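To start, the structure under review is shown below, and the notes come after it.
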Amino acid sequence: MEDKKQQQQQQREEAEAEEEAPVVPSSLRAAATCRSLSSLSSSLRWDHRGDDDEEEAELRWAAIERLPTLDRMRTSVLSSEAVDVRRLGAAQRRVLVERLVADIQRDNLRLLRKQRRRMERVGVRQPTVEVRWRNVRVEADCQVVSGKPLPTLLNTVLATARGLSRRPHARIPILNDVTGILKPSRLTLLLGPPGCGKTTLLLALAGKLDKNLKVTGEVEYNGANLNTFVPEKTSAYISQYDLHVPEMTVRETLDFSARFQGVGTRAEIMKEVIRREKEAGITPDPDIDTYMKAISVEGLERSMQTDYIMKIMGLDICADIIVGDIMRRGISGGEKKRLTTGEMIVGPSRALFMDEISTGLDSSTTFQIVSCLQQVAHISESTILVSLLQPAPETYDLFDDIILMAEGKIVYHGSKSCIMNFFESCGFKCPERKGAADFLQEVLSKKDQQQYWSRTEETYNFVTIDHFCEKFKASQVGQNLVEELANPFDKSEVYNNALSLNIYSLTKWDLLKACFAREILLMRRNAFIYITKVVQLGLLAVITGTVFLRTHMGVDRAHADYYMGSLFYALILLLVNGFPELAIAVSRLPVFYKQRDYYFYPAWAYAIPSFILKIPLSLVESITWTSISYYLIGYTPEASRFFCQLLILFLVHTGALSLFRCVASYCQTMVASSVGGTMSFLVILLFGGFIIPRLSMPNWLKWGFWISPLSYAEIGLTGNEFLAPRWLKTTTSGVTLGRRVLMDRGLDFSSYFYWISASALIGFILLLNVGYAIGLTIKKPTGTSRAIISRDKFSTFDRRGKDMSKDMDNRMPKLQVGNALAPNKTGTMVLPFSPLTISFQDVNYYVDTPVEMREQGYKERKLQLLHNITGAFQPGVLSALMGVTGAGKTTLLDVLAGRKTGGVIEGDIRVGGYPKIQQTFARISGYCEQTDVHSPQITVEESVAYSAWLRLPTEVDSKTRREFVDEVIQTIELDDIRDALVGLPGVSGLSTEQRKRLTIAVELVSNPSVIFMDEPTSGLDARAAAIVMRAVKNVADTGRTVVCTIHQPSIEIFEAFDELMLMKRGGELIYAGPLGLHSCNVIHYFETIPGVPKIKDNYNPSTWMLEVTCASMEAQLGVDFAQIYRESTMCKDKDALVKSLSKPALGTSDLHFPTRFPQKFREQLKACIWKQCLSYWRSPSYNLVRILFITISCIVFGVLFWQQGDINHINDQQGLFTILGCMYGTTLFTGINNCQSVIPFISIERSVVYRERFAGMYSPWAYSLAQVAMEIPYVLVQILLIMFIAYPMIGYAWTAAKFFWFMYTIACTLLYFLYFGMMIVSLTPNIQVASILASMFYTLQNLMSGFIVPAPQIPRWWIWLYYTSPLSWTLNVFFTTQFGDEHQKEISVFGETKSVAAFIKDYFGFRHDLLPLAAIILAMFPILFAILFGLSISKLNFQRR
């Protein structure tokens, strides 16, 4: 009992100690105090149970203490029951975490303190990490070009030539001799303008810099160089890019990460703690004991740490929702950002390097997360460096130290308390009501520096970054830093296990098990794709079986070729069926690279499950095919031969999947992989022995037959069939019929060769999967470390490193400066527009409840995201839409802007008093989306000009339009990067903040009456945010209606708004009215609510407002802020205003435009062609690669079929079949390559098209026609390559008629394959489904082309498929024009002599007199597919919003 009293006293002391928590706002302190007292009361109740319960608990503890150490680590007491912490259920984990961390801000601190106190009580310390770096300099290679620095086809070719010549490249500095130190238990803030080198510094410290960068200097952890331990496992780098598997839920993502990162030193520490506790006779707190033991167990599928991280990151509410992507609805952008952070801190890393973790988060959520990080740093003695763009003052105050960077140099590195004194010593002072972080970033800017000059008696001169650096080195803080670094690290002060020496946290077996578990999960989530493939294969089996129906197939020489053709077709079909594996494998590569480089798992652990788990799928698909087609076609009816065929087909399908996975691992992008996959397919097929028999190959190329997996498959299948008893009839030559058929094809091998073939296929499968694992191991993520800059730009670089990179130049546009948000009076162009009010009443929005939520017990079929939202946005009024992450801000904007593609919308939305008509509303509104979707291959200036061209009315002449574009570019400060390529997010091109500013410019240039902006300042630093908001304010001042959702506004930015709509989680309004001077209206409204804490002096009103209206404050006060608002006079006034605005003003009329689009169709088409022309010219990965493919293909075909097209060289049916096979192969492979290449290219552009279509920029037909037309010049290049390489090498007739007929036919063929690829993308929701349907198209084309099964032999019930097959008309025109008029040349066919023309007509059914009709029909296919592409673009939208 004495021990119990001591424990109670200790808990009281802990509760009192918690009141000393640093830097917690008064509002949060009030909420936390209440929660803390509640928790204390609860624990006291637990302590005052009856003696029986106490004795029972003591007996259980005594029993646990008698267990061996390992068992004791796994056993604890939870809710008075002994439990195995490895087998805690989901409910138990959730209840325990809720009990430990009921209120995040206070209870998290309490939990960390209890853990630390428990360890200190027995003399155990956490290992710590100190990071030092000295004179670190990072340089990148750059390619200097004349003109604009863009990756055009020409620049790429020249760069490749220079690369081959190994000429040295220029170098640009990124970091310039930076030095510093990060200590344990310190939370450090990294500040600086975008492009100053913050990310590079974080990567350098985390040991994750690209190997192509030139790095000098030293980085040490606890005095050890990076190459003496594994920095990736000792520290964690948290990227600013959110890369996750879209099919996985939040919980699954975190569990997977926790499992692979392991528990680090937790297990050893826990073992030591419980050993010493046993020796000292100490009984720990049951909940703390359970928690600490649970997070110390390695390799668990479901981790307690996951539940804890989800709780403190605010992800518990979306735990069972999939992450999603641009085409799939998932968690919000803010939740995705928190998941990126949680994914790494769920591990045991002692040093954290965090890159812009607050992008997309509201200020209260950012404060909460940074507060938790502060607690982790201070209590757990972690070393944490965090880069933030716009930290609010209260968030800034949480940090201990500051690193301020500019131009790749460290301007200040030291205590936060000294930084203002340092700048005051330099002559600069931060004004009142100005955030310190905003001041620190702006005082370094040439444009903004002067306003902070405090020495009025002295003349101001711009203080350069170098001058600041010199001042810092001379300051006391700078000298202290030098002294600290001069003292060697004392290695006796830390445990040896602070640094990780193991690359992976789990055993090889556990790594494999975890990867298997994830692969199974992803296969379940993608079950639709695999089911579709099986159904497709079954359907094709039925079609094939009924084409080669056994009742039409005799066992004789004439029908032997059909049996041979059906076997070959089965092989082709199963090979082509593997194509969708390309899209699946490539789509997963970015996440794989991230996790591989974090040392989650090795490449082999990822590759083996991908291979093994696809084996059952291959077996199912092979059984489906064989069981349906085998007896329908009428192969040898012996059971053993059925299973022998099944085995070969199974191995071929497994090999196909392995091949395409291997190709994906080396090619990495969808476009390159498509070309690589088609090239591999081409080589395998050409050397496979069917299109060109082994005996017909040139002698010096016959070795190629033995390196093609298809050869062994063909040997196995044909031997299995033609060596059967029913083919033993003897022919006139004395050999059996079966042998004769095999000899004609060069496949005459003994029956035992079947098993050699099967073994060879197994060998190929293993080889390809080893190659896949090697590719995954050695290839770096896509993107390049080599910048492309212009010669003019490069000449401006200071060799001493004053300028940083092509996008780091600190030169500013010529705009007037005063207050950062003061209206810009100079040069403001105001184009004519109509001011409009948008009002909405009782708006509700419902979506179908996600399956994951229903599985967790949510009963309702519909999930309501907006609840009776009523409000209005008026001209000239700048309105802010705010709320915590997940409150429904973006949802409301989407609903008002008409961007939702699903769900149910209720309520009345009016524009100017008239019901909103989306088609006309799109003309007068702009929408800056959160996701920043742009065409990747055009420049910043071109993006803005393109938007202006299509969205400004025809009355605006081109000169005015160009001036307006220039002004918008300068206003948003895009002038320095106007020639930069936009690129793909996270891969290439613009940074996050540059991309955000481009989004705003693209919408502003449309001169809208109403403009919606979804988080326009998200991802921007304080200065860039001020620039953007000044531009937005200027727009509103011209009389436009402007609405912005905003997350982390500074006081200055927040008070630039006129009105505020505040929402709480669940989609309910809690405030809708004016801000007032210095936000007085908002402050007064909430301070009048009983219990709401008063705002402190100089505190950010937006942050205070979000804090006092959070869910925990509602729970503490026992109020519903939404209900209070509904009952307020403000709500009644707003309702009255909305009703008055819902009636049209006298003398006004509804919106009406004489045309649907701002520009005429001709102008739309002109603009679209202009953009597509630029995009294509700058897409070498698409156009150069497919041109290279055509070139190589032409050479390969030319060599293999050298002069076999010469009619004089054709003497029998095999010679004719060989050259016809050449035509068939040329057509098929060039066509498939075009189709496969265009699918990912169009897929990337599709989300841009959806945005532009919503904006009403152009008719979908204008875009479609431009897209279709833009392919023609590049197809012409392909045609010329075929005509001047393959045509003469193969030996086709050099007559004008035959030459131009061949050119016409190949042109139509290449175009219809291309347009089919475009069409299939526009008809399907994602690239995987598009690939499946494309592969079905290829296989049907194969079957119905008239080559494998000639038209006269196709059953009449399938002949319609033959006539609707584009490839059949291609071969018709090819065969007819080349050989259909050869009446003089006679050859031996099947034992008789016929003219070539007669054989073509009799065997294939191709008639020369019907050639014009065939030519016309052939030309109709590209036209048909192009029209269907246009229809799909105009009618379908697979985005889920």
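Cβ from N, Cα, C; glycine included.
Note on Swiss-Prot: of 81-101, 396-416, 1215-1235, 1236-1256, the range annotated with the feature transmembrane segment is 1215-1235.
Counting C-beta pairs under 8 angstroms (sequence separation of 6 or more), the transmembrane segment (1187-1207) reaches the transmembrane segment (1215-1235) with 3 or more such pairs. Separation of the C-alpha atoms of T199 (ATP 1 binding site) and T885 (ATP 2 binding site): 25 Å, rounded to the nearest whole number. On the backbone, the CA of G192 (ATP 1 binding site) and the CA of A887 (ATP 2 binding site) stand 30 Å apart. Between the alpha carbons (Cα) of T890 (ATP 2 binding site) and P193 (ATP 1 binding site) lies a span of roughly 27 Å. Cβ neighbour density within 10 Å is lowest for P193 among the binding-site residues P193, G195, G883. Note: the CA-CA distance between V884 (ATP 2 binding site) and G197 (ATP 1 binding site) rounds to 31 Å. Each of the binding-site residues C196, V884, A887 was scored by the number of other CB atoms within 10 A of its CB, and the lowest score belongs to V884. Neighbouring residues of the recorded ATP 2 site, listed in sequence order and excluding G883, V884, T885, G886, A887, G888, K889, T890, comprise S332, G334, D362, T891, T1045, M1063, R1065 (Cβ within 8 Å of the Cβ centroid). Between the CA atoms of P193 (ATP 1 binding site) and G883 (ATP 2 binding site) there is a gap of 27 Å, rounded to the nearest whole number. Against the transmembrane segment (1272-1292), the recorded stretches 528-548, 672-692, 1300-1320 differ in Cβ pairs under 8 Å, and the greatest number is found for 1300-1320. You'll find the Cα of A887 (ATP 2 binding site) roughly 29 Å from the Cα of P194 (ATP 1 binding site).
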